[in-house]
């Protein structure tokens, strides 16, 4: 309001004369005020001083990178915290998906005739494919406005674009942990996955990594592609392709053509799906109907133990369990570094424009 009141409107000659005269009235009023006389007196006193007082808030040294990151993180958190409904949705979006899956599956059973294997495979498929997508939705919805601000403020030399990116990454991590924890707790114990606390911890860690990877992958593309709609479409396609090629749940990796086998090692879904399959099926025992089951039906019950399913469809997954977990979490720093590099490239491109 103050800036508008003391500005000259040049959109028309009439407005310009009117606003200019208003500004002159304010200038005259200020010059005749007690404040103006006190300022002049302070200036005269300062002229007579041998040592001038330091200028408030002036420092020859630029703030450190850590301090800039702290300011950006605080500002980002304050801005997003004003949207209460947005915060609630970020925390509960995974749970809303989990409610649908839970009501659809109800309770997992151990009877092969009642879909013991198929239901578990379907649940693993959903837990591998959906969390990266919700992470992508967060990045596409929240980060482009911050990117636009950083484009301008980095031009003014206030900070680097990658510092805004890093502040956003630090900001969204707690939300991701809480959101995935709510989802994992609900779906794991409601659906009736393997009842073991350590296995629940592994399930939570895998879903969390997948969710964060989806958001980081989107940030990488947002660094080089301007249009968020194109980014959203691109990440959805990448996620879908990764699920199809990498999980082995649509078609077993052993039966895939060699080029797709090689590509599967570049997808994080390969490692997350193998971990979840081993985590659920290892040491699991199945039943096959009742005592009155026909021979034809019983012949269809090819598995009596979960490890048989693992060895047939994911050969070697049990021995790769630890390395799969380490590779999955290696995607996080790798994508964060690639995202920082993409924004450094963006900074150079915009700087030349």
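The backbone N, Cα and C atoms fix where each Cβ goes, glycine too.
Keep in mind the model is a prediction, meaning the values are calculated, not measured.
Annotation source TrEMBL lists domain 'ABC-2 type transporter transmembrane' at 68-281.
According to TrEMBL, the feature transmembrane segment maps to 87-108 (among others). If one looks beyond the transmembrane segment (87-108) by at least 6 residues along the same chain, the residues whose Cβ comes under 8 Å of a Cβ in the stretch are 80-81, 116, 119-120, 122-123, 126, 130-131, 134, 137-138, 175, 178-180, 182-183, 186-187, 190-193, 211.
Within its own chain, the transmembrane segment (165-189) is flanked in space by residues 69, 72-73, 76-77, 80, 87, 90-95, 97-99, 101-102, 123, 127, 131, 134-135, 138, 142-143, 146, 150, 195, 200, 203-204, 207-208, 211-212, 215-216, 219, 223, 336, 339-340, 343, which lie at least six positions past its ends and keep a Cβ under 8 Å from the stretch. Under the heading transmembrane segment, TrEMBL lists 165-189 (among others).
Residues of the same chain lying 6 or more positions beyond the ends of the transmembrane segment (201-222) and with a Cβ under 8 Å from any Cβ of it are 94, 127-128, 131-136, 138-140, 143-144, 147, 165, 168-169, 172-173, 176-177, 179-181, 183-185, 188, 193, 228, 231-232, 234-235, 238-239, 268-269, 272, 275-276, 279, 325, 328-329, 331-332, 335-336, 338-339, 342. What TrEMBL records for 201-222 (among others) is transmembrane segment.
Annotated transmembrane segment per TrEMBL: 234-253 (among others), in sequence order.
As annotated by TrEMBL, transmembrane segment applies to 321-343 (among others). Sequence-distant neighbours of the transmembrane segment (321-343) (same chain, 6+ residues past either end, Cβ-Cβ under 8 Å): 161-162, 165-166, 169, 202, 205-206, 209, 212-213, 216-217, 219-221, 223-224, 268, 271-272, 274-275, 278.
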